[in-house]
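As structure tokens, the structure follows; a few thoughts come after it.
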Amino acid sequence: MAASELYTKFARVWIPDPEEVWKSAELLKDYKPGDKVLLLHLEEGKDLEYRLDPKTKELPHLRNPDILVGENDLTALSYLHEPAVLHNLKVRFIDSKLIYTYCGIVLVAINPYEQLPIYGEDIINAYSGQNMGDMDPHIFAVAEEAYKQMARDERNQSIIVSGESGAGKTVSAKYAMRYFATVSGSASEANVEEKVLASNPIMESIGNAKTTRNDNSSRFGKYIEIGFDKRYRIIGANMRTYLLEKSRVVFQAEEERNYHIFYQLCASAKLPEFKMLRLGNANTFHYTKQGGSPVIEGIDDAKEMAHTRQACTLLGISESYQMGIFRILAGILHLGNVGFMSRDSDSCTIPPKHEPLSIFCDLMGVDYEEMCHWLCHRKLATAAETYIKPISKLQATNARDALAKHIYAKLFNWIVDHVNQALHAAVKQHSFIGVLDIYGFETFEINSFEQFCINYANEKLQQQFNMHVFKLEQEEYMKEQIPWTLIDFYDNQPCINLIESKLGILDLLDEECKMPKGTDDTWAQKLYNTHLNKCALFEKPRLSNKAFIIQHFADKVEYQCEGFLEKNKDTVFEEQIKVLKSSKFKMLPELFQDDEKTISPTSATSSGRTLLTRTPAKPTKGRPTQTAKEHKKTVGHQFRNSLHLLMETLNATTPHYVRCIKPNDCKLPFTFDEKRAVQQLRACGVLETIRISAAGFPSRWTYQEFFSRYRVLMKQKDVLSDRKQTCKNVLEKLIVDKDKYQFGKTKIFFRAGQVAYLEKLRADKLRAACIRIQKTIRGWLLRKKYVRKRKAAIIVQRYVRGYQARCYAKFLRRTRAATTIQKYWRMHIARRRYKVTRTATIVLQSYLRGYLARNRYRKILYDHKAVVIQKWVRGWLARTCYKRSMHAIIYLQCCFRRMMAKRELKKLKIEARSVERYKKLHIGMENKIMQLQRKVDEQNKDYKCLMEKLTNLEGIYNSETEKLRSDLERLQLSEEEAKIATGRVLSLQEEIAKLRKDLEQTRSEKKSIEERADRYKQETEQLVSNLKEENTLLKQEKETLNHLIVEQAKEMTETMEKKLVEETKQLELDLNDERLRYQNLLNEFSRLEERYDDLKEEMTLMVHVPKPGHKRTDSTHSSNESEYTFSSELAETEDIPLRTEEPSERKVPLDMSLFLKLQKRVTELEQEKQVMQDELDRKEEQVLRSRAKEEERPPIRGAELEYESLKRQELESENKKLKNELNELRKALSEKSAPEVTAPGAPAYRVLMEQLTSVSEELDVRKEEVLILRSQLVSQKEAIQPKDDKNTMTDSTILLEDVQKMKDKGEIAQAYIGLKETNRLLESQLQSQKRSHENEAEALRGEIQSLKEENNRQQQLLAQNLQLPPEARIEASLQHEITRLTNENLYFEELYADDPKKYQSYRISLYKRMIDLMEQLEKQDKTVRKLKKQLKVFAKKIGELEVGQMENISPGQIIDEPIRPVNIPRKEKDFQGMLEYKKEDEQKLVKNLILELKPRGVAVNLIPGLPAYILFMCVRHADYLNDDQKVRSLLTSTINSIKKVLKKRGDDFETVSFWLSNTCRFLHCLKQYSGEEGFMKHNTSRQNEHCLTNFDLAEYRQVLSDLAIQIYQQLVRVLENILQPMIVSGMLEHETIQGVSGVKPTGLRKRTSSIADEGTYTLDSILRQLNSFHSVMCQHGMDPELIKQVVKQTFYIVGAVTLNNLLLRKDMCSWSKGMQIRYNVSQLEEWLRDKNLMNSGAKETLEPLIQAAQLLQVKKKTDDDAEAICSMCNALTTAQIVKVLNLYTPVNEFEERVSVSFIRTIQMRLRDRKDSPQLLMDAKHIFPVTFPFNPSSLALETIQIPASLGLGFIARV
């Protein structure tokens, strides 16, 4: 397809831009051939008419599809050109924060100006062993590729790191060397890799300086060769340096510094050892203050000085030499402060006693006057004579600076030589990897000799680079057998010829330097005459006659000729050098001892850089003529020779290129300046690589990858079984021009742009398919919507028509109802009219009749009133008299009652004011309220009584009224008489008036009394209401307090529960950490153990036994066998015996941790010895009472003592024999072994001697203790156990015979007296201890009884709580305590009701008391448990002593006392579950059962754990025989044999699993049959009978547990080694769901294909391997809990390795890959369900991987998505989340990238999360293993031993 056909509408292109270099635009219409203008739409929204070049008619560069942007390899881009490269680098650097990118064979590294966490040891481990294209670009990947090719091809390698100053060259080279040091290690104990890394701080301090571009700029080039041996381990290194910038010593530009070492010295001037240097602040020295920037932000020069000195020490530079270096450097600083005074224009002088010069001479050890003279004069030599001529001030200053530069250059050279000597390989070097850290192409406003040499070196390197790239392209084409044509690439050989050929620039410069009157101007004229207009690459500036221009491969550079000759000569005055050589300071002449260079007497000052060549370790002597000739070489000539040597070295190696790019000049982190980046890309050769690749076939696909990616472009009929033919057929249809692609053997090669065209076709096909799918789905949705609408319309119509029918029916009903209403309404109106008329008539009649009736009534009423008035007047007269008397009586009663009420009220008020009354009211508030209620009821009753009295009074009043009426009638009858007595009437009227007045007064008094009664009633009601309110408030306060108490109790409960849960979790974490730490120590111990075994084997080969007939006896076999022999005495420690006997030959210095542990162990043994002695003393007290009987039999006692004395002598002789044997062994070692091994100071000799001495001393001490203990125990037995006379006589006779054999009678008497006193003391101490023990027990009983009485109320509650779970039990107990405290609180609430402060203080004290009581209860529980444990231990020890007295009879007694009865085991008819073997058959037993047992052979058909059962049954028999030596020997041999098997076949999973299972079973058997109650719960009665009776093997259980831990760790390592190659391929690369993820175009660094082929691991491979592991472990009878732990560890390894690779592979971070991972994880979970292992915790270890897969699939746009991600990814760290989001890469055009703003949002939300900053998971982490007790139900007596084991020599007991 023609390229012009791709320029269609909406195609995106790149157009040049002066600011951004390249700008993206979009075509608005299709391009047609012949168009001169392109209509473009820019990204900022503007439209542009882009005019094509009328001459070239070149179209703008096409832009790559979005899915190719951000690729790891630039050669994977379909369009290879400058804007595509620049944009890809910018996207990776700015958006994804990725600083490394491949460009074919080149690694492009952009300096981030920020510390990134991508260089840790975990990253190194992740890249180790990986293919270069499988992981994301990294400097470690390049280093690994070089290391791998060196080992695979056995060819030396080189890593060429280049770039501008500040681009990060030094850091990249440093990380590459760190990778080699970490991965390879060193071949010796000298830690060469540390020395290689230590050379960096030294070289940086003396060769790096701050510049305007870089704070740590390397001012020299270096090539470091790292040497390796045949096993590819570092053995040494060598360094070559190039072009040190000497001029920086005497001059620094603005904002720059001198070399770091000067400022480090000034910062450390106050140190005591530096006072002699007389230094000060850096601003006081001329050579360090010129730049005006003496301090670098964030750098502490004093600390850097300490690092430099530490590195010097590590490299073997002694303190004296270091101080010599610092003296010379300080002298240079003081030399720079030397000033000159002009005497005239041609001469100068130094002030007298000039302090800087005096200090310089003192430091350098030279004569002051002589140095002062030659600084101001120079010597001129002619053929006839020699002249001494003064020099001017300027010349003197230049001479001083030249001397300073020369001294510094010599010192630099001397340090490099010593560094090389320290790094020199002691053995022969097999291969090396060179790291070249060299300056990149430089161009400044003023370019001089230094830039000329630098650019010359870059021309040579670029030529080598171009040839290498072209060679690789040619090899690739030839390998694939495709036709190829010569690719035209830029050949810079003409430029190199211009510089270095005959009559070239360097030749003319050297020739001019030889001329007596040669100048820069004459040299420039020669250049113009020789090359101008003759060489196209050489030009002359228009406005200058002292400059020239060279067209380099990167750019044109203009060089100023001024200073070229001086810098090329690089000379100093000979007299000054002679003065320095005559120095008394020994180190200074060493700097100039090889300086035989001819120094021109007419020399000028030198500046700039100078070449430093490598100095060999042994200097060679050449002929004088050759030396003289060598010294006449100029700097340019030397540099050319060194460069040729470097190119020869590089051409002899396989090069690897690292191009460092400086993204901006302001040192801003992650800021990209396009202009600066393009300049460097053009200069470093990256674009040339792109151009060479683009000229051929840059895009390359394997047939399988092409088929997988472009399967969508094929029809079903096109797909054949042969993938290659299928691809050919399809390509011929898709691309008509066959020149656009080529078919190779395994790959298809495409021209530039063809992959983009195929991607366009694929995207169009997928887009068409998507449109078709969308069309179908949208049609289906619309049809579904139409059907739903039609159905809805029908329903609506049905309801509307129904509604209309209902409305019509309603209308008819309303019409009929209206007619009916009208009928009834009219009838109603007529009836109402009739009723109104009738009613009016009736009303009229009623009113008329009423009027008449009222008139009659009024008349009758008038008569009646008159009668009534008469009646009332008469009655009033009678009542007036009565009321007067009644009023007086009532008044008297009221006054008396008022007086009494006032008294009562006063008394009540006094009582109400008193505190006691208030307390009583509050104490019985409810009673008081009831009393008040009763009082109110009584008052109501009184009120009712008063009302009844009032009613009675009214009745009396009515009766009087009636009486008065009768009187009135009587008066009416006597009216006539009244008329007569008129005067009497008048008097009566006056009396009536008076009575009326009295009546009014009575009424007023009655009213006042009623008012007072009402007021009293109101006051009473108010008092009652107040009391009710107060009662309500008290109730509320009571409820509040109760609620507060309940809440506080609840809070306390919750707090305690939370605290308990947190403490439990913390304890679990601490326990796991402690287990992990302990198991790591065991792992380290096993490594040291292997080291010890190796050294032991080497010792065995070197050491010869001097006496062939000498053999070790059985008694010392266990001590000489290995360091893992354990004795019953030594096994009582709680520490690990294996660790206490750890060999220390790994390091010669003393291991302080081991020393402290041994010291602790010695202290514990002394304490245990003292405890045993105390117990024996207490036992002696018990036999004091039987001393009389003992004294009655003195011959027997003496015979016994004499026998013990004989035994002691026998043991002493045996001990002497052992000492003699040890001395002979020492002698043999010193005589026969190699001197370097057996020398007294040799580590192996010293370790062996210390071990033998300690063992012998321990044996002596233990044997003496055993003798003493046995003698005392036997004597106690004689005193306690009565014997009959016959046996006593027999025994005494035998003992007397033995006594007669002894000659020393005094010894017997002395021993008898001493033992007698000892027994008395023992008995007295035992009795006192017994009494104290009884008193203590009695006190404990009393305390226990008091506790029982105190807790008697809680017995029932505790009994109920025992049936509850722990949580409910705690809750119930807390609830009970809260109830008790609540009741108590209520009581005190009433008590302190009047004083809230006291009540509050009481509550606080109550809470404190509660807490104290709980703490005391816990302490008491601990104390009780501790006392019970002590009682149990005491009882057990007393029982053991009694058993020892009754049964432990020494072998000597059994032989010498045959008549004494011996405990003989009863013969059981049934099998007792024990196996008997002879002592000499022990090795055969171990050999057949352990060493030669094959898990895949005989062991497959055995009962699981059968070897463990057999070994335990043998141990049981030895225990039954009470043979401690046999038990110890068998257990030691078992442990050592298992270790030997695992060492020999430790890589076999079945072997390790088999012995892990058997070791655990053996451990469980020792626990199950130990006799301890905790392990006997699940035993049958028969199994309890099989428990061990004589020995406590608890310490051996610890040893076996440690052994099981070591085996478990070895098992984990074995399965990790098996699974490691499968994990990445099976979990990440292989497509389990075919077709989900497509293969993106790849570059030169091909990834591992995800298409499964014959050699690829898949998920099924992992599952099959897991099935194999599980079946093997189940077949071997491994404990289910242990299997769960192994599976958990296995799944952790799978998850960690998968996640780590995911985090380091950008091509794996896509949506489809997330689906693949989740599917793979679901398959692993399904496997766990099938094996019933879901509760093993294995699924939780995959949680980080699951969340990472979910993160790849979730939406990543809005803030809600960010919140969901933060809540979902709780198992991932912030660094991991951000890394996945940065690496997320769309595979198809339909996916979208993650925006930078979204990633920033995630970071903001997660900034408060506290997690590890580490990016990768620790794949080497091993969870701490536990071995839960798992008793066996198998009866020992039922076990049958197969004949196939070859154990016929074992007898069943």
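Note that Cβ sites are derived from N, Cα and C of the backbone, with glycine treated the same way.
Looking at the stretches 654-681, 1410-1437, 1578-1605, the one that TrEMBL records under the feature coiled coil is 1410-1437. Taking a C-beta cut-off of under 8 Å and a sequence gap of six or more, LYS169 (ATP binding site) has these contacts in its own chain: VAL161, SER162, GLY163, SER218, ASP437, ILE438, TYR439, GLY440, CYS660.
Neighbour counts were taken as the number of other C-beta atoms within 10 angstroms of each residue's C-beta; across the binding-site residues SER165, THR170, the minimum falls on SER165. In the predicted model, the coiled coil (1410-1437) has a mean pLDDT of 65. DSSP states for the region 'Actin-binding' (643-665), grouped as helix (H, G, I), strand (E, B) and coil, give 9 helix, 8 strand, 6 coil. Summary for the binding-site residues GLY163, GLY166: the Cβ-based neighbour count within 10 Å is maximal at GLY163.
GLY168 (ATP binding site) has a Cβ environment of 25 other Cβ atoms inside 10 Å. Same-chain neighbours of the ATP site beyond GLY163, GLU164, SER165, GLY166, ALA167, GLY168, LYS169, THR170, judged by a C-beta within 8 angstroms of the site's C-beta center, are, in sequence order, ASN111, ASN214, SER217, SER218, GLY440, CYS660, LYS662.
Secondary structure of the domain 'Myosin N-terminal SH3-like' (8-60) per DSSP, as helix, strand and coil residue counts: 0 helix, 24 strand, 29 coil. For ALA167 (ATP binding site), the same-chain residues 6+ apart in sequence whose C-beta sits under 8 angstroms from its C-beta are ALA109, ASN111, GLY440, CYS660, ILE661, LYS662, GLN680. Within the same chain, residues at least 6 positions away in sequence whose Cβ sits under 8 Å from that of GLU164 (ATP binding site) are ARG213, GLY440, PHE441, GLU442, CYS660, LYS662, GLN680.
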